[in-house]
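Asks: Got a structure for you, written out below as C-alpha cells; questions coming shortly.
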Amino acid sequence: MFYVKSLEHSIVLQPIHFGPKLYATIKRLVKESVEGVALPHYGYCVKVLGVDDENVKAGVIEYDTGDVCYTVQYEALLFRPMKNEVLDAVVTDIMSLGFYAAVGPLKVFVHMSKMPQDMNGEQGGGFDGNAWVSADEEVKIEEKCGVRLRILGCTADDGQFTAVGTMNDEFLGMIDTGDEANAY
Amino acid sequence: MSVASAPAFASGGGSAPSADLFGSDSDSDSDAPKKSTTTSKANLDLSSSDSDSDAAPVSTKKRSAVQESDSDSDDDRPAAKKPKNRVENFFEAEAEDEGEEREYTEAERQAEKLDENALAMMREQDRRRLGSGAVFDRNASIEDVASSFVARHRAEAALKRSQGAGISGSDFDRSNVGQQALMPGVEDPKVWMFKCKIGQEEALVIQIMNKALASAAKGRPLGITAACAGKSRGIVYVEGFSEPLCNEAVAGIRMLMIYSQKILPISDMTSVMEVTCKRKPVKDGQWVRLTRQPFKGDLARVERVMQDGNRCVVKYVPRIDLELLRMTEDKARQRKKTGPKPRKRFFNRQEIYDAGGKTSTGKLPTFTETYDMFDNQLFDADGYCLREVSLGTQVVPCEEKRSNLPTLEEFQDFRKKRKGEEGLDEEIEEQEGLTLIDELSKLQQAGGGGSEEQGHGISLGDTVIVVEGDLINLKGKVMQLDDNTVKVAPLDASIGIAEVEFLVGQVRKHLEIGAHVKVLNGRYGGETGAIHNIVDREGEMIAFLMTDMTSKEISVRVSQLTVSSDVSTGQAKLDGYELFDLVAIAGERNRNEVGIIVKVGREEFDVVNQAGSTIQVNPEQMRGKRNSNSLRATALDFGSNPVRVGDSVNILDGEYKNKSGTIKHIFRAFLFLHSQTMTKNSGVFVVKSTVCSLLAGGRTKGSEAPQPAMGAGRQQRPNPNGGGKMGKTVTITKGQWKGYMGIVTNETDKSVQVELHSRPKKVFVKIDAVKVKGDKFGPTNDDGQRLTNPGSGAAQGFAGGDTPYMGSATPMGGTTPMNLGGITPGGHAGGMTPMGYGGGADEEEENAWIPGPMDRSDADSVSDASGNVLLTGSTSALSSDGTPLDSWTPGSSFAGESPSSTAFTPSSVSGGDFGDTPLSGSTGGAGVGKPWFIDRVYVTGVDGVNYILKNVDTLSQTASAQPVGGGAVVELKASDCASRLLPEKDDNVLVFRGPEVGSEGKLVVIDGNDAIFSKPEGEGDQDFKIVEVSDIARV
C-alpha cells in the first residue's frame, strides 16, 4: 500500500557544508539517505515529497567532531506491503521450491504449496527446470511474467522487506505472459 | 503446659541421608499443589503433626487451624508449638513422647523460626477475634463479619509474606533471597565429621540413633541434634551445639574413628546435604558420547556393560592419524599435542601397512574374539574401534541431555561402512536410513520425556495463541512465565484486559507466516530463515522455512523457533575455517588450489574450487585462508570496470547467463559469486570476471571507485572522457610558477594543484595557466592526443577503432628497463614506473608497458591479468582516446620524480642494444599474442596493406616486410601487424602452433574451425592434415 507520511531523519553535517547552501545540502542528503531504503514499520521510502525549511530544526554541534546533527522532518511517499494485500508482481527467479517475484523493491516468495494444485504437482503440472507449468500447460510461469499475488506475511530486516505470498486463491495467478518483456 | 516432643534423631541411612525431621507429617505438604526442594522443605503444618490424612492445601489447613484455635486456643496448640519454641535447646527438654523420631535440618529450623512469627500473629488475631466475639456470631453485624474476613485474609497474606522463604512452593520459594535465608549461621548447631569404614556409614548412624534413644529413655538425652551419612563415602556427620556433647554421643560406637573428628566449616554444611542425580546405568546398544580428546563429542555405542556397571566396552569410529607414521618421533608428539584432530575413518589394515605401520592382534577382557591392534587400540573387522571405558568420566549417555542427542548425520557416519568392501545397495542404504530415523525419533522421545516443559518452547516476550477455553484464539504476548502458568497480555488492546493467566498447556507459540525466525535447537539448531508455511500435523504445528544461507527448505516444530533478525552463517567453525572463506587447498603435485567453503561439516568441508567443481576437503588439506587477498583484489568486468568483493554483477555469458550475484571473493580473474536464488553449493558459483558486468547501483557512489590495492604513491586515474587534468603532466604558462612543470594532483573547476617536478612543492594555479604536456604514459598534445615519434615510421597507433596495442605484441624484453643500464628503477612496488624513456622514445616501448590493469599487489595475478584481462578487457578502454583506463605506469618522460627516468638518458634507451637483453618472462606473452610473426607469413599491417614478412628478428619483434602488391621493403614491427592474412583455398599454409607445428602444405578446404591441408607431393603419400584455422598462416 502506498501512503504519505511525515517522518523524521537526522543528518550529520561536516562544517564544510555550512554556508548559503546549507539547507539545500541538508535536503539533498535527506533524499539521498532515505529514498529507496526500507524503513522498519513504515515500508520502502519511494520518494521524499518535500522538506520545508522550517522543518529543519536547529542543529546540535557534536563536541568531538565539530559536526552538526540536524533533525529534519520530511514528507515521504511510502510503500508498505500489508498482510493480505493483493499485488501485481513480476517473476524474477524460478526455483525448484517456488519462485520469487518483485513488486518494485519488494521481493515476494511464493512457495510451491501456495500455488494452485494443478501447478504444484499435486494434480499434475510442476516445475520443469525453467518454469512452473500447469497440468494443462496453459499457464506457464517463467521469469519476467506477471502474476497477481496475495501477501501472507512480511518481515523487515535491515533495509529490506521480504514477503511470502500465495497464488492459490480466487483471481490470483498469472496475469501477463511477459512475452513483451521476454522479447527484449 | 505439656511438653511433648522428642529430641529428634535421625536415622540418616538409606537413600535419603538427610532424613527429613518431619518425615511423616511433611507428606501432607507435598500433597499441596506446590513444588518442594530438598533444602527448603519446611513444615507449615503446625497443629496437626500427626494428621497424615490431611491432604488439603496448606492455606486451607491454616485457616482451619486458625478457626480451631478459636475454640480451644490453649490446649493442644501450645503442645505442638512448644518444642519448636525451644527447638534450639531442645536437648534440655524432657522427652515424653518417645515414639516420634525427628530430625532437624537447618532449613526446617529456619522455617520454624518463621513459623513462630506467624503463630504470634495468629495468636494476636485470635485475641482480637475473641475480643469481638465469635466469628459467626449471629449478633454480629454484617460489617463486623466482613471486616473479620478482611482481617483474616490480611493476616494470612502477612503470614505468607513473613514465611516466604519457609513455605515451599510459594512465590518466594525459589528466589535467591529465600534460599539464602535458609543457610546455616553461627547460632545454628555445628557439624562434625567422623571417618569410618566405607560402607558402614548407615549402620553407624543407626547405632548412634539407638544410643540416643536409649539414653533419652534413661532420662539423659544425648546432646546432639542429628547424625547422618551424606553422599561422601566413609564419613558420618554428627550435628550438635557443643563438641563435648558430640564426643559423648559417639563414644563407644565402634568402627567410627573418633580421632578423625573434624568440624565442618559453615560454608560446607549445605553441600553435605546436596542431592546428586543418580547415574543411570547404561545398557548394551545404548548411544553414548566420548568425552576425551581426540574423540571428544564423538558418538559411540555400548557393546557390553561390565559387571560393576561402571565400566563398559564401547564401539566407535576411530580417528587414526596416518601422518604420524611418516614423522619423526618428536614431530609426531608435537602433532599429537597441537595438530589437527585426525579425521574419522574406519580402520583398514592395508592402509596402515601402506603407511609403514604395523598391526598386531589383541583381545578384550571377557570378549572371546581377537581384534587387530594398532597404536594400543583394538579394531574389529568392520573397522570400528573398541575400548573399555569408565562411565561418566570417559563416556556420557546421550540421553542425559537433549542437546547431546545424536543427529541423523552422526548416525549415518557411524553406520557408513568402509566404502567398496560392503558394497551396499542403495535400497539397503535407504532401509538403513529409515531404521536410523526410527531410532532417532525413539531416542528423542526418550530424551525429551524428562523435559516436557521445555517442549512448549515458550519464553518471555513470545507471542502465543490460546488453544482451549473461553478465550480460544486470543493472541497475546507472554509477560510472565511460571512452571505451569503463563500471564498473557492480549495483543488486541481493545479487549480491555491487561493480563490473563493461562496454564501452559492452554497456549501455544504463535508465529506469523513470513516471519524471520531462528531455530533454537534440534537438528537444524542455529539455522535462520523466513517461514513460508505453517501446517498442523497431528496437533503439532510445523513451520516450513526457507533458510537464508543455503535456500533449502526445512521443516521445524514451531516450538523450536523464535523470531529473530539474525542471519545464520551455518555451522560455526571447523579448525578455524568458516563458511564462505576463501581457502587454499593442497592439490595434486603440490599445486595449491583455491576455493571457497560452501559447507562446513563435522569433519570436512565442501569447497567449490576455481573450476566451479565441488570437492570435499579435510582440514588437514587446507593451506590457509585467502580472504584478505581477496578483499584487496580487484578484477575487471566486461566493460573494464573494476569490481571488488561485495559488488553485485550480472553474468553475461556461459552457464550462468542472465543470473546475478554478489561477489563473495575474487581470486585472480575468477569471481566467486553468491546468489540467493541458487540452491546448489549454498548459492555459490564461479565465473570469470570478464563475463560479468557490474550492476548499476551495485556500488553506492561512482566516485568511490576503488583505489586498487596500491595505496600510497599511486595517482588517480585520468578521466578517460577528457576534461580531467588529474594525473597529467603540465607546464605552467602564467604567473609566479611560469615555466615549471609538474603533475596535476588535484583539480577543481577553476584551478589545479600541480606537484612540481623540480621542487618538492604543490602549487595552485588557475586552470587556464597550465598546458598539458603529457600523461604518465608519455607526451601528448593538449587534446590528449599522443605525440608520436615521427621518425619511427609507425602509424598513429592509437587511432580509434584499430586493434589496440597488445602488450604482448611488443618487444617487451628489450625495453625492460631493469636490463637497460643495470639501473634499479623504482620498482613496481610503489606503483611508480620503472620505465623512463626519453621524449623521443619509440612508441612501442610505451606500449610494452601497458600491462593488465589488475591488482598489482598480487604478483601472480599480474601475469594472469595480462593474459586474460588485458586482451579482452582493456581493448575497448584503449580505443576511445588512446588513453588506457588504467595503467601502472604513471611515470612519463617528464616524470621527474620517477627515479629511473632521471637516472639515465633517453639515448641509452633508444640505442640498439635491445638484442642484448634476454627476453623477459613477459615476452612469452608476446609470442602468444602474435605467434604468427614468422618469416614468409602474409600479414596485414595496421595501415591496411598486406605484407610478406622477411628476416624476422624474434627478439625485437621486427622484420623487413615486402608489400604484397609490390613496393619498397619497409621495417615492420609486430605491433604494426594487425593480423595475419587468412589463407584461402590452394594457398600455401604454415602451421605455427599446435601438434602439427612447422608443417606446411596446400590448403584444401576450411570447414568451420578446422582447416584441411595436404602435404606437398614428394613427402611420401599425399597426406591430409586437419588443424584449427587459428593455427595456420598463409606463406
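Quick reminder: no glycine exception, Cβ is built from N, Cα and C everywhere.
Note that the structure is predicted; figures quoted are calculated from it, not measured.
These came from TrEMBL, pasted as-is:
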REGION    B:1-111  region 'Disordered'
COMPBIAS  B:102-111  compositional bias 'Basic and acidic residues'
DOMAIN    B:281-308  domain 'KOW'
DOMAIN    B:457-484  domain 'KOW'
DOMAIN    B:510-537  domain 'KOW'
DOMAIN    B:642-669  domain 'KOW'
REGION    B:699-728  region 'Disordered'
DOMAIN    B:723-750  domain 'KOW'
REGION    B:776-795  region 'Disordered'
REGION    B:821-922  region 'Disordered'
COMPBIAS  B:869-882  compositional bias 'Polar residues'
COMPBIAS  B:898-910  compositional bias 'Polar residues'
DOMAIN    B:982-1009  domain 'KOW'
Asks: How does the domain 'KOW' (B:510-537) divide up by DSSP, counting helix, then strand, then coil residues?
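Replies: The counts are 0 helix, 14 strand, 14 coil.
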Asks: For the domain 'KOW' (B:723-750), DSSP counts of helix, strand and coil?
Replies: 0 helix, 11 strand, 17 coil
Asks: Could you give me three numbers for the domain 'KOW' (B:982-1009), the DSSP helix, strand and coil residue counts?
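Replies: Helix, strand, coil within the domain 'KOW' (B:982-1009): 0 helix, 12 strand, 16 coil.
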Asks: I'm checking region-level scores; what's the whole-number mean pLDDT for the domain 'KOW' (B:457-484)?
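Replies: The predicted confidence over the domain 'KOW' (B:457-484), as a mean pLDDT, is 84.
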Asks: Summarise the domain 'KOW' (B:642-669) by DSSP state, stating how many residues are helix, strand and coil.
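Replies: The composition, in the requested order, is 0 helix, 14 strand, 14 coil.
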